[in-house]
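Listed features, source Swiss-Prot:
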- Cys266: active site (ACT_SITE)
- Arg41: substrate binding site (BINDING)
- Asp42, His233, His235, Asn275: divalent metal cation binding site (BINDING)
- 33-300: domain 'Pyruvate carboxyltransferase' (DOMAIN)
- Lys48: N6-acetyllysine (MOD_RES)
- Lys48: N6-succinyllysine (MOD_RES)
- Lys111: N6-acetyllysine (MOD_RES)
- Lys137: N6-acetyllysine (MOD_RES)
- Lys137: N6-succinyllysine (MOD_RES)
- Lys179: N6-succinyllysine (MOD_RES)
- Lys179: N6-acetyllysine (MOD_RES)
- Lys324: N6-acetyllysine (MOD_RES)
- 1-27: transit peptide (TRANSIT)
Amino acid sequence: MAAMRKALPRRLVGLASLRAVSTSSMGTLPKRVKIVEVGPRDGLQNEKNIVSTPVKIKLIDMLSEAGLSVIETTSFVSPKWVPQMGDHTEVLKGIQKFPGINYPVLTPNLKGFEAAVAAGAKEVVIFGAASELFTKKNINCSIEESFQRFDAILKAAQSANISVRGYVSCALGCPYEGKISPAKVAEVTKKFYSMGCYEISLGDTIGVGTPGIMKDMLSAVMQEVPLAALAVHCHDTYGQALANTLMALQMGVSVVDSSVAGLGGCPYAQGASGNLATEDLVYMLEGLGIHTGVNLQKLLEAGNFICQALNRKTSSKVAQATCKL
């Protein structure tokens, strides 16, 4: 870690030069991007070995100290289905709640929502998909039936003054159906928005998307849902996560999901990369002169901490590069 602290300033000295490069040919980019850190939940949920509650709490606290304004904390799902998230209440109650930072939690059903609120949650997340077959295989119902389940959560959230964020899985491709129609993604996203989700994250669940596919999908969705309500969630399975994110930024999206150290593999492509690494995202955004509010040095330290705890190498290219110097 000490070597990384010394190496970082030299490694990142080129950022000033990068900021000086004109981005006029890239279209209008947002001046500020909100990063939604999903590592503690999406990144850890499929870990085979149970991560201790104190480690999860320390990771989230370190991410808060790094300046991330939204940190997806845990999932209020049955431990029978996701053992890794069995300590959801202890984690949510145990973390430091930094002023100005949101700590949303996943709630797949009304029972999970009620438990989350009882534990102090102020924002919850619900998951849908743009693929009928994916929905059927994952939650054993149709897309329309899934929205009937979400309706109970959204109504309860409205009564309790709880914000709800939606996810649309398979926005750029499905492991079962293959290509997904942009019109279908737009339809599902519009439904989430009309039901009360303040923000909808469009997920490339298996990482097959390319900038061209991203552009076509967003073009369709933006005709149905306000741009300010959209976010993107890219996986790096085919090495396209940053490229797809940049395309979304060029189209005006200013909310991006990512995971510290790139935690979270793709369950449909064994050995493949998973979530976009937050470190790599921050490095790119800073190079474009886009404000994130994130301290990259502290973020790297958080990534190093969790990788040591998991006894694995980081998937972040920025972390790998700075540690080699």
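Numbering starts at 1 and runs along the chain as it is shown here.
Note: Cβ is positioned from N, Cα and C throughout, glycine not excepted.
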> Once Asp42, His233, His235, Asn275 are set aside, which residues in the chain still have Cβ within 8 Å of the Cβ centroid of the divalent metal cation site?
Replying inline: Val38, Gly203, Asp204, Cys234, Asp257, Ser258, Ser259, Gly264, Gly274, Leu276
> Same-chain residues six or more away whose CB lies under 8 A from the CB of Asn275 (divalent metal cation binding site)?
Replying inline: Val38, Gly39, Asp42, Gly43, His233, Cys234, His235, Asp236, Ala241, Asp257, Ser258, Ser259, Gly262, Leu263, Gly264
>> Neighbour count first, Cβ atoms within 10 Å, every protein chain included; then name which of Lys48, His233 tops the list of recorded positions.
In response: His233
> Averaged over the whole of the domain 'Pyruvate carboxyltransferase' (33-300), what is the pLDDT?
Replying inline: 96
> Which of the recorded positions Arg41, Lys48, Lys111, Lys179 has its Cα closest in space to the Cα of Lys137 (N6-acetyllysine)?
Replying inline: Lys179
> Counting every protein chain present, what is the number of Cβ atoms, excluding its own, within 10 Å of the Cβ of Arg41 (substrate binding site)?
Replying inline: 27
>> To see if you understand the setup: which same-chain residues, six or more apart in sequence, place their Cβ under 8 Å from that of Lys179 (N6-succinyllysine)?
In response: Gly173
> Rounded to the nearest angstrom, how far is the Cα of Arg41 (substrate binding site) from the Cα of Lys48 (N6-acetyllysine)?
Replying inline: 14
> How many Å separate the Cα atoms of Lys111 (N6-acetyllysine) and the residue listed as 'substrate binding site'?
Replying inline: 18
>> What's the number of neighbouring CB atoms sitting within 10 A of the CB on Lys137 (N6-acetyllysine)?
In response: 13
>> Tell me the coarse DSSP state (helix, strand, coil) of Lys179 (N6-succinyllysine).
In response: coil
> Can you tell me the three-state DSSP label for Lys111 (N6-acetyllysine)?
Replying inline: helix
